[in-house]
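Chemist: If you scroll down you'll find the structure; I have some questions about it.
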């Protein structure tokens, strides 16, 4: 598998290098679907210019990235293109290794269940074979590296690519069972954009499952592990926050980065749900609806964790999707990360209900984004309602995609427990309804 992965990495880097040298690079870096006020390279350059002049980059309303990002590019600004390509390579390799390790564990558990005769005999066709699982890690890397969303994000030099690299390293550390590195990378991801905090739940569930610690509030081992992980996570986060203070010499970055993410003052159009809604909002309603919109990202963590406590890796996929849909400043780079996991769930295709329709809608919306933007901003023959309508449809399609995979996953698990062909007491065929 090393040779195909190496070839894939060479092809991916070549495509990015060619686009960097083309006239499209400047056009892509201006697209509101690809960059946001948080991740735009232009704003990083502005922040670097202020830093070089001895002025705090957070003194104005231009730069909203974290201090570690600006100090990273303070040293490697001349190699920015290589840095972003390297971030994509790290993400792909980390996902490749994580999925490979996860597949080994799935196959091992499946083998033990078969030997113990836990599966009904009529659902053996649902059992995954080593042959179909062999190329899944490579497909995951391919889905990430050759996804147009990832390529556009890299060519635009969006710092979203760096966030994805940190999250992928967190996923790899978690699946490998390294508690310390998992906590460190999760704290780094949270430091970057707050929302990855919700990934703490699947990480804890997976690590406890790996160490055979039952999820039982009455067990001392459960609380002891929670305390250990919490201490490592909060300790790492405190170190990173204090390091940022010592680099910058002030706490100016806290309201400028995290306050900006949570209060959403910049209503530049993007592919998210916030900008249009709050542009039309009466000011005295703003705080209430801001809380409602922000709670969306965190609200689903508890019910999903309860439902998927035995399947924390699928929970990670669900949480990444929820973050990319409901965060305040999403870009296509966020979507590319959770879409990279779709090959891992290829065995669910027989239970998907709307995959063709949703795929068509996502493709159509992706094509219509620049068209409607041009009609609104340049041609003047449309308005913001047109662009937001396609944004809304795009997000509805994402929600349908994720909920379809959620339904398919639960249905397969139900069949593995009760059998593929369900019968009523009178012998007639039963219909499965998931509530």
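Keep in mind that glycine also has a Cβ here, set from the backbone N, Cα and C atoms.
Bear in mind that TrEMBL entries carry predicted annotations, made automatically and left uncurated.
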Chemist: Quick test of your reading of TrEMBL: among 257-278, 411-432, where does it put transmembrane segment?
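Modeler: When 257-278, 411-432 are checked in TrEMBL, transmembrane segment belongs to 257-278.
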Chemist: Considering pairs 6 or more residues apart, do the transmembrane segment (257-278) and the transmembrane segment (68-99) have at least three CB pairs under 8 Å?
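Modeler: Contact between the transmembrane segment (68-99) and the transmembrane segment (257-278): absent, because fewer than 3 Cβ pairs are under 8 Å.
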Chemist: Quick test of the contact rule: Cβ under 8 Å, at least six residues beyond the ends. What residues does that give for the transmembrane segment (285-302)?
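Modeler: Here the qualifying positions are 195, 197-198, 201, 262-264, 273-274, 277-278, 318-319, 322-323, 326-328.
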Chemist: Taking the transmembrane segment (179-208) as the reference, which of 68-99, 229-251, 314-342, 385-407 gives the largest number of Cβ pairs under 8 angstroms?
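Modeler: Answer, by Cβ pair count: 229-251.
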Chemist: Could you check if the transmembrane segment (314-342) is in contact with the transmembrane segment (229-251), meaning 3+ Cβ pairs under 8 Å among residue pairs at least 6 apart in sequence?
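Modeler: The answer is no, given that the two segments have fewer than 3 Cβ pairs within the 8 Å cut-off.
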Chemist: Residue list, the transmembrane segment (68-99) vs rest of chain: Cβ under 8 Å, 6 or more residues beyond ends.
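Modeler: Same-chain residues near the transmembrane segment (68-99) but 6 or more away: 5, 8-9, 12-13, 16-17, 20, 41, 44-45, 47-48, 51, 57, 136-138, 140-141, 144-145, 150, 154, 157, 159, 161-162, 164-165, 168-169, 171-172, 175-176, 191-192, 240, 243-244, 247, 337, 340-341, 344.
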